[in-house]
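As annotated by TrEMBL, domain 'Replication factor-A protein 1 N-terminal' applies to B:9-111. Taken from TrEMBL, the feature region 'Disordered' covers B:153-173. Taken from TrEMBL, the feature domain 'OB' covers B:190-272. Under the heading domain 'Replication protein A OB', TrEMBL lists B:299-396. According to TrEMBL, the domain 'Replication factor A C-terminal' annotation covers B:457-602.
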Amino acid sequence: MADPLSTPRLTSPHLEHFTSRTIRLVGRVTQLRGDNATLDSDGAVTAHLNRDSHLTVGNWVEVVGKVNGDLSVRVLVSRDLGRDVDFEAVKAVVDATHRYKEIFYSEQ
Amino acid sequence: MADAARSQITQGALNAIFNDPDRLQRDFPVPVCQCVQVKTLASTTEGQPERYRLVLSDVSNFVQSMLATQANHVVHDGKLKKGCFVRLKSYQANAVKGKKILIILDIEVIESLGEMEKIGEPVALTDKEIEEDVKPANTTIAGDGFYGNKVHQQPAAQDRPLPSRGAPTSSSSHATIYPIEGLSPYAHKWTIKARVSHKSDIRTWHKPNSEGKLFSVNLLDESGEIKATGFNEQCDQFYELFQEGSVYYISNPCRVQLAKKQFSNLPNDYELTFERDTVVEKCEDATEVPQVRYNFTNIGALQEIEKDSTIDIIGVLKDVAEVTQIVSKTTQKPFDKRELTLVDDSGYSVRLTIWGKTATAFDASPEAIVAFKGTKVGDFGGRSLSLLSSGSMAIDPDIPEAHKLKGWYDSQGRMDSFASHSNMAGAGAAGGQKDPLKTVAQVKEEQLGMSLENPDYFSTKSTIVHIKQETFSYPACLSEGCNKKVTDMGDGTWRCEKCDINHPRPEHRYIMQLNVNDHTGQLWLSCFDDVGRLVMGMTADQLMELKENDTAAMETAFEEANCKTFTFKIRAKTDSFQDQQRVRYQVIGANPINFTVEAHKLADLIKLYNID
């Protein structure tokens, strides 16, 4: 059982290793369709939104959610980051997180 | 017995030595003389060997001679005595004050002849001709064939140490040409033959206790360069005489002094000052004296050169700017200047500024090779150059370095892009070789600011953890541009001593002590008004008002300001404070954090820890 409080940072390629875990992801909103949104986080991710998420296409967003079997994410909480995010910096953090995973999260 | 000796003596040789060099070659390759007198000259200084004065006779004439110290052994061995006979294997003829002197460098005693009474009635040598000016009968340097040199003397000239500083050889006549490098205050009599590489204009100066006029010339020969100045009367006396590019003989009296380096760009320890009796003659034969001496530095190597030093440089003209005029803040005089960009095969480019007439009359086109002599190195934008008034510029000079550069540029240089010294790694406001980014621990470890001479500059990203609330500002003069502290006169006015004005109220300016931390340690910084405003978010006047009226609001203001992170640009230097030396860290600028840039910096730092 994953340690209840940690939400490892991911980008799209990492999703398959973290199914049924709660994770944190930063991506840019490329599509909005009702309750679903498509995010671009170094790859496409389908996000199932909840009541409180108000996303804007073209903006960056950080979502905390659970990874489904089909690699889509059920969003629990979202935060708008505006239009100006340096994704390289984000990727660097994700890279560091996984390189030194002991610091950031515990294995399932 | 005397006849045998007499027959061996080369009669007439002495006359030929001094007056008839051609005959000497032919008839007297190795003169044989009788030594009719030997006298010892005690050494004047310690460590100097004694000198022997001889009188040599070839039966027809006699001549005074000095034995060179390297030949002293013939006397020490007891071979050379009064009355004996000698072969002169190596010698030099000189003249001192019109009197002939023979310098003997190598001598062999004909022991088989023993010693005898003076043979014949030799008489003193007469002059064949009046000595021409200061032209020597022989030279110790300067090229062959110059005066129809006696060829067999050339090896002698080279063996002999040059009569440079420290050698009080009484044999050197005032006609010997010294190399410029050999000039020193200790040289008694000298003549130099040099080209005027630069002549300055007549300048006048007016100081409280002295005034006058002067001009200077830069003199150049194969050995080196030296500056010579003429003041007041000598200025008038010599100014017209010297022409740039011509070669002159200059002899003492002429003062040799330690060089005042701040007035000259030449690398000589000494400089000359003309006196009333200084002898200056134009020289017609200027072939051996070089035109201009260059000592080029690569543009790439400029980084290593210290600021304010003088160098020569050659490069391809990459860019020529327009002439601009700037007014000097100190003298209010307008100056013309033009900026050039030079590149060379080190792959670097540098900006060079030329001034005055050189700037306005500049007409070289880009891609020309230009050589500069006498440029000062500055640190504007990393490294920059400025042509000194005593320097010179040559466009497309006919020297090997210029040809080499042209070849390089034609084949590859044109396409290259050039690094400039102002490109340094480090993003954001803190980047630049002037103030590298340091952690607090590094600052303390590297003892930045501890050297007593120069302040150290660095940047650090750190967070304010405490602001000293007492004395965060001082009352300052209201006058524009004046920030001096004003004194409270007690009657409601504030007086500024510098402007001599009484103001109704002061303008408060920040002078704050901040305690900042980063992950490695903490530092106390002092910051001034500009940074104070940035940190507090209000002017010092406003904060003072809060302090006087609303303490709670003031405390809130300090709380808000606390825990802000900035990249501070700091000057660290050591101050003496009540007998103690402390390092003071003064903030010269602060920038808020650019998160993107900082994130990348951290990412790079983390990457450094990667093993793969």
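In case you wondered, yes, glycine gets a Cβ from its N, Cα and C as well.
Any TrEMBL annotation is an automated prediction that lacks curation.
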Average model confidence [pLDDT] within the domain 'Replication factor-A protein 1 N-terminal' (B:9-111):
83
Residue counts in helix (H, G, I), strand (E, B) and coil for the domain 'Replication protein A OB' (B:299-396), per DSSP?
10 helix, 55 strand, 33 coil
Going by DSSP, how much of the domain 'OB' (B:190-272) is helix, how much is strand and how much is coil, in residues?
11 helix, 43 strand, 29 coil
